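Taken verbatim from TrEMBL:
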type	residues	note
ACT_SITE	D146	active site, proton donor/acceptor
BINDING	N10, E383	Mg(2+) binding site
BINDING	K17, H206, L207, G208, N209, G210, D281, M282, R283, G329, I330, G331, E332, N333	ATP binding site
BINDING	R89	substrate binding site
SITE	H178	site 'Transition state stabilizer'
SITE	R239	site 'Transition state stabilizer'
Amino acid sequence: MTASLILVINCGSSSIKCSLFDHEQDHEILSALGERIGSTEATLKWTHDGKKHTVDLGQADHQQALGKVIEAMQSVGIKPQQLLAAGHRVVHGGEAFSASVAITPEVLATIDQLANLAPLHNPANAQGIRALQALFPDLPQVAVFDTAFHQSLPAAAYTYALPYHFYSELGVRRYGFHGTSHRYVSAEAVKRLDLDPDDHRIITAHLGNGCSACAVKNGQSLDTTMGLTPLEGLVMGTRCGDIDPSLHEFLARRLDLSLQDVTAILNKESGLLGISGLSNDMRTLVQAADDGHVQANLALEVFCYRLAKSVAGLAVATGGIDALVFTGGIGENAAGVRERVVTQLHWLGLNLDVTANLSHGRDQMGLVSTTHEPAVMVIPTREEWMIAQDTLTLSQTQWDQ
Ligand code: ADP
């Protein structure tokens, strides 16, 4: 039996998301989502061949949930021996990782240490790695970092104007996130537009619940909007993005809040939700704005203005724009958001094709502008597939010697 399956795992503190790819067929053959792990009501939803299944997990931990994913695979005739390797999404690679790596004990120890930069994410990611190692000690595993693509940022882009020892001693700098998505959609734009791999300038906007934009020149990230944490930059579903750093003290003093209280507000009660007072969901806001909801419309205006301003700012890093690429749930589906953003960037030569934009460029390979140069594109992100690709490449070079 040839092993051709790659298991992609994205492990959160109370969730686990898995995608199974067959590299010989280049598509996802099974997906699974475990939720409320660690509580008494954990569930696993999985899909194979268009059929959806739900399994009650009771009080499962990550390892037990992964065990159930393997059982789900077996129940549809997929054998564990068919697994070639597993790839894990790891949020923070700090300055230690500028590309995906094969997981060794040293790599895992470094991921553990980087928990000081991503205390909510890296421990959960490491837990997923250990859980799979316990189930399959000999299966090659790969780590793919959200931050790695942005390790090419020059010091001028990643340095905060703070006392320098905060960087040298504590690692306080801009790291950026969503790297796998920015890397995938920018490379895809190069292919679709037939741009020179060594001479192109692309701005990518990943707009999901979290949002970030990135300046990509000749395949390298030169600047991005997220920083030390994913709170910096664009307006997001519930995160505020850029604010005056004095706000922490102002709110703490005026409302008698702790630093942690303010941080929680900025992360969970701000952004689209905070401005609209209605929802963090773009679909709800678009509908409400159409129905005359003033704050929903304001939330959209702030979201789009800030994004347009960031795109123009990122063009300083690239020295111009050959293509602006939208991706993520909002970027791929919200035609009105794209229209508001591109209209504000008309002076940069960006012109939307209104009809193509309404159909998300589906019949034009994602092209939604009237011109190719510069182009505006909608490219659905494929982070899991990208993780599978890196895993395949590393498993062939690292372990097959
Ligand atoms: P995550 O960051 O959790 O992966 P997604 O990439 O799925 O999030 O994006 C979620 C966002 O995409 C939500 O704000 C949602 O409202 C928005 N979205 C999804 N479909 C549409 C649509 N048809 N029109 C507008 N917004 C949409």
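Glycine too: its Cβ is placed from the backbone N, Cα and C atoms.
Other C-beta atoms found within 10 angstroms of the C-beta of I330 (ATP binding site) number 26, with every protein chain shown included.
Under 6 Å, Cβ to nearest atom of ligand 1: this is the test, and of the recorded positions H178, L207, N209, D281, I330, E383 it is passed by N209, D281, I330. All protein chains considered, the CB of R283 (ATP binding site) has 12 other CB atoms within 10 Å.
Taking the Cβ of the residue listed as 'active site, proton donor/acceptor' as reference, residues of its chain lying under 8 Å away and at least six apart in sequence are, in sequence order, R89, V90, V91, H92, G93, F177, H178, G179, T180. Across the structure, K17 (ATP binding site) and N10 (Mg(2+) binding site) place their CA atoms 5 angstrom apart.
Local packing around the binding-site residues D281, E332, E383 was summarised as the count of other Cβ atoms within 10 Å of each Cβ; on this measure the leading residue is E383. The Cα of R239 (site 'Transition state stabilizer') lies closest to that of D281, out of the binding-site residues D281, R283, E332. Of all the Cβ atoms in the protein chains shown, 22 others lie within 10 Å of the Cβ of the residue listed as 'substrate binding site'. Calculated from their C-alpha atoms, the gap between E383 (Mg(2+) binding site) and E332 (ATP binding site) amounts to 14 Å. Neighbour counts of Cβ atoms within 10 Å were taken for the binding-site residues N10, N209; the minimum is at N209.
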